[in-house]
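K.L.:
Per Swiss-Prot, the features are:
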| type | residues | note |
| --- | --- | --- |
| BINDING | Cys17, Cys19, Cys37, Cys40 | Zn(2+) binding site |
Amino acid sequence: MKEGIHLTYYHDAVVRCACGETFITGSTKKEIHVEICSKCHPFFTGKQKFVDTTGRVERFMKKYGLDQK
């Protein structure tokens, strides 16, 4: 392998979720921030909640002129 062209690999990279959960993994970044993880994702928790859907229906209605009045 060529010298000096490879990224530094961190075996103890910290992943931080918006819910407050942290865990250690391997990565080329020392610290990673994520919005959702297995501790708060609806698939893993079994709870139904909206994830990143704010305004999608409103934008669709506005885009196609389907305003409800």
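We count from 1, first residue shown onward.
Yeah, the Cβs are placed from backbone N, Cα and C, and that goes for glycine too.
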K.L.:
What number of additional C-beta atoms lies within 10 angstroms of the C-beta atom of Cys17 (Zn(2+) binding site)?
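P.N.:
So the number of other Cβ atoms within 10 Å of Cys17 (Zn(2+) binding site) is 18.
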K.L.:
Other residues with Cβ within 8 Å of the Cβ centroid of Cys17, Cys19, Cys37, Cys40 at the Zn(2+) site?
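P.N.:
Everything else in range on the chain: Ala18, Gly20, Glu21, Val34, Glu35, Ile36, Ser38, Lys39, His41.
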K.L.:
Which of the listed binding-site residues (Cys19, Cys37, Cys40) has the least company, meaning the fewest other Cβ atoms within 10 Å of its Cβ?
P.N.:
Cys19
